[in-house]
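To keep things clear, I will list the structure first and then write my remarks on it.
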Amino acid sequence: MSSESSFGLMQIGLATAEDIRGWSYGEVKKPETINYRTLKPEKDGLFCEKIFGPSRDWECYCGKYKRVRFKGIICERCGVEVTRAKVRRERMGHIELAAPVTHIWYFKGVPSRLGYLLDLAPKDLEKVIYFAAYMITSVDTDSRHEELPNLQVEHDIEKKQLVDNRDSDIATIARDLENELARLEGEGAKAADKKKARDSADRQMANVRKRADADIERLEQVWDRFKNLKVADLEGDEGLYRELRDRYGMYFEGSMGAEAIKKRLENFDMQAESDLLRDIIANGKGQRKTRALKRLKVVNAFLTTNNSPLGMVLDAVPVIPPELRPMVQLDGGRFATSDLNDLYRRVINRNNRLKRLLDLGAPEIIVNNEKRMLQEAVDSLFDNGRRGRPVTGPGNRPLKSLSDMLKGKQGRFRQNLLGKRVDYSGRSVIVVGPQLKLHQCGLPKQMALELFKPFVMKRLVDLNHAQNIKSAKRMVERYRPQVWDVLEEIITEHPVLLNRAPTLHRLGIQAFEPQLVEGKAIQLHPLVCGAFNADFDGDQMAVHLPLSPEAQAEARILMLSSNNILKPSDGRPVTLPSQDMIIGLYHLTTKRVGSAGEGRIFSSVSEAIMAFDLHELHLNSQVKIRLEGFVPYAGWEAPEGWEPGQTALVQTSLGQVIFNQTLPEDYPWVEAVADKGELSRIVNDLAERYPKVVTAATLDNLKDAGFYWATRSGVTVAISDIEVPAEKPVILAGYEERAAKIQGQYDKGLIDDDERRQELIEIWNKATNEIAQVMRDNLSPMNTINRMVSSGARGNWMQVRQIAGIRGLVANPKGEIIPRPIKSSYREGLSVLEYFIATHGARKGLADTALRTANSGYLTRRLVDVSQDVIVREEDCGTERGLVTPIAVADANGELVLDENVENSAYARTLAVDVVDSKGKVLAAGGTDCGDVVIAELFAAGITEVKVRSVLTCESSVGTCALCYGRSLATGKTVDIGEAVGIIAAQSIGEPGTQLTMRTFHTGGAVSASGGDDITQGLPRIQELFEARTPKGVAPIAEAAGRIAIEESERQMRLVITPDDGSEEIAYPVLRRSRLLIEDGQHVAVGQKLINGPVDPKQVLRIMGPRAAQKFLVDEVQGVYRSQGIGIHDKHVEVIVRQMLRRVTVIESGESDLLPGELAERSRFEDANRRVVSEGKTPASGRPELMGITKASLATESWLSAASFQETTRVLTQAAMEGKSDPLLGLKENVIIGKLIPAGTGLPRYTEVTVEPTEEAKANLFTGPSAFSDFSYDTLGGDGAPEFHAIPLDDYDLGSDFR
């Protein structure tokens, strides 16, 4: 099955100038794009046909060669190869740079890889690269050492000369002054003139001294600099550098810009540097050691790969193919072009100008400026805006550089590689199709015809309705009658996929068998709305067509809606009757006392139905009916002598009989009222005990009965159904009094504001509850609103309370509860003030929903990313470890009751060891799937806890094994090998996240009686846990077992533990207002929480170890979801938590090839240690690391997966430097490169199957007569000839396509 083009690794590396020239088909020398007159590409320009290939198929530039027959010829006139135009999508060019430039990713990225390698601060590196400082690239230390005495002598002589010159100049001036003064004396000049002469001479002397001292100082400076000169020294003073070079240029070399970096890299000794750094790490400490560790990572990357560090400095820039940066003509004759063309043009312009300046021999300062501009042009081409101000286009918009083409949601990875638009798909509005079966959907005729067009056309030709494809196409476009018949034939048993966005879990795409319908809307079965979260208020759905037989088979077997009855998150049914169906079935099965025909006895069901039709009998009257094939329910009292299979006279109602007729014949009789809970129990039971076909058929029966009887029930809502309780004013008056009393206490200063608020909130919550209760008691059982809520069809009591009772307390925009309630109900109408404060909460609810939906979607994306490579890879990893899970707990009276969370903990797991009762009898063997039945048996036998296999203890090196994962909740059977359990886990956690976010919406911001937690604790808390962040107001946990003492001071409290083992005391400073969970002198256990508040999972890991940290995270996450009434199975959370603890931080590397401080995959760490120990060397030591899901996703072994997730440029920079290979084990990597994903049927164990004949078959192959054995040819004719008959072809089933 494996194709020739398949490959198992994808490596990324640093490209050198040679590589770039090797990829290139020619050098781009001109900045021109196309000729605006002829609209043809300019020669040697950015779209040149000679370099990138012809712009028209099989046609050269000058037109000498046209047509495919000249394929492969290179035109001697224009130099263009005659080939397909699509080569312009793959052929690259290059620009030869006149001066090297550094790659901005390696110099400006954080951390700066170049800086780490050369041990330079990024600031200094920037000075060198952008021509602000010179860098010494080499020093001839030997000759300098030899010559130093001579140079010292020369220096001293020069210095002495300068001193002598200065002294002689000063002496000359002094002499001249004396002469001048003598002359003035002789002339009898005034004292002022003499002073003037003296001052002038003093000034001259001072100038001479100053100049000479400066020269001497400069000489000293140059000499000192030269004496101590070493490689990598920077010199920002150009004058000083020039002098240094003029005097001592033969002993050192220095330069500016990328050339300096290049020279350094050429002479860089990686091995020596690595040894030096390892030495520092072994013996150093503090800052120095940390920096050495970081530098060693970079040095090691170049040492262990074939990458050359010279790849970080470019001598040539690749030019990507022109079709990837197109230029298109708009309607007005103007051109729209990709930003890359502008950026390339700037590079070429500056490069050409630099070449010209170099040819002209321009002054160094001008050349350097041009080189700096070239560097900046290449920087903005690679990553515009990374350094300095971004280059902008028209309208001050920053241009999109090569990096921007990869980054973000619109980048290459997420837009084109991970998400593609597909052919054979369509979308339309959905409407309800109550007449459909569960596995069907209604497909509009026109849509179906368009989707199946190629198939219809081929079939028309096969059936001779059309001569060729062209005429068949014409027939289809004209909607000829034969077309519909053919379409009908083609779509039978050809499933289609329906998808509704947002696809939050795998049930968002399901397969259906299409039924052609009139109109333009897709018809959807009402029972699958829950899975799609669809309603019919204008939702749209997309249709996709599985084409290959394999795809159709998968759609039919795995994705058909009747095979997706269970929810993957908790294994409970998702296709439940809802709304109208519930009302119908509730109406059918309600008991009504005193109605027509009560107490009568009927000989058969048909007789009862006849009585009902004649209005002699009410649907809900209690009567006795003789039933055939009655399967008794628990608690039915059988008459004497009755045996199963006989008819039975049963006390029931006609509605109950009709309801039971919808269930399978051998299903126990259901006497309960069919409300939402009962229906859920029935469907759950059906899914657990019956084949899927039966379950699907039963669901359809329930749907049909539900809709029919909902119509017959005539349930409506009128304003008169809303009955406000008459006792309301009295109740309110009583609570008003109590509230006034509290307010009075506050006014007197007896209580503070916080206490007043708490008390008032408590009072009004009680009032609200009391009114709600009175209101419920007042509603008659036949009140339609009561029936809707009681049956679970729609709405809840909180909403009814707001309509008919009291609106209650509401929150303000900050989320604080306002301690004055809204006393009116909506039936009575709100006052202006009440209406105003009510709108706050409602508006906040809507705003929150919008914000938190985005957050939840992002959480799902991160969860998928971290767990996408968790696939079931093997049957059994062979571990003996597991988790101990409770199945029963003692209640207040000491009696055993089923643990409330057993459905999401022990259920659907594999038992790790035999479960044995107190007498030693094995109740369930290890390896048994722990379903509802097993749990019930164990509970009956008094077992309180079981040890089950878990993903957390699985020892598979990649992915997980089937037994540790247990039952697949979506199918109810043990998970298949190849199941992508990681993605299912992420979807199961993320999908309710979105529901959580939307929960505030329906209640209009009213506060539930429990003072309900809004999901503001919910979603942010889930994110905090999965990102392993330290929460706000963190509570310390005891690091050792011992006695605790509480020491109080003015500002804070200190909790001091004296450990039992006699080690030194441990103190925890906490705020004075903290609520303590311990008392002075109490004994605390390791890991015990000391004050009220959230615990930091990293502390749990450090103090109590990985197992405790895993359990803590699972329990906390489940706590948030359960508080919102959402059930997710523990195993999903465990899959994610396992991914968070997959890595180990290496502390000491021992003699392994791991680096200290490195984050290593646990399996790699253990393999390395095993190898080292087997050679008798010292293994590495490490500590388990808890990583948040974002960090874990970015730290994955697969660079393709990490780059397509976040921080694309950073990931690619690092991966290229390390020469990383992607083993293509996860799903994302394979989607990106377009390979079949290694999950499900894409696993090698399914695709790479070879069939070998058995020894027996091989033996049989050669036992027949050979060509050389004595074979009598006479048997073919003559007397004894066997008779040959012609067999009519119709006897063979050669399939419909044979003719």
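Each residue, glycine too, has its Cβ placed from N, Cα and C.
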Subject >> According to Swiss-Prot, which candidate in C877, C930 joins C954, C961, C964 at the Zn(2+) 2 site >> reply: C877
Subject >> Cβ neighbour count (within 10 Å, all chains shown) around C964 (Zn(2+) 2 binding site) >> reply: 29
**OP:** Express the distance between the Cα positions of D535 (Mg(2+) binding site) and C964 (Zn(2+) 2 binding site) as a whole number of Å.
**Re:** 38
Original post:
What is the number of other Cβ atoms found within 10 Å of the Cβ of C961 (Zn(2+) 2 binding site)?
Top reply: 22
**OP:** Could you measure between C75 (Zn(2+) 1 binding site) and D539 (Mg(2+) binding site) for me? Cα positions, answer in whole angstrom.
**Re:** 58
Subject >> Neighbour-count leader, CB within 10 A, binding-site residues: D535, D537, D539 >> reply: D539
Original post:
Relative to the Cβ of C954 (Zn(2+) 2 binding site), which residues of the same chain, six or more apart in sequence, are found under 8 Å away?
Top reply: C877, T879, T960, C961, C964, Y965, R1138
Subject >> By Cα-Cα distance, the member of binding-site residues C60, C62, C78 nearest D539 (Mg(2+) binding site) >> reply: C60
Original post:
Given the binding-site residues C60, C62, C75, C877, which one has the fewest other C-beta atoms within 10 angstroms of its C-beta?
Top reply: C62
Original post:
Going by C-alpha positions, which of the binding-site residues (C60, C62, C78) is nearest D537 (Mg(2+) binding site)?
Top reply: C60
Subject >> Structural state of C964 (Zn(2+) 2 binding site), classified by DSSP into three states >> reply: helix
Original post:
Which residues, same chain and not among C877, C954, C961, C964, have a CB within 8 angstroms of the centroid of the CB atoms at the recorded Zn(2+) 2 site?
Top reply: E874, D876, T879, R949, V951, T953, E955, S956, T960, A962, L963, Y965
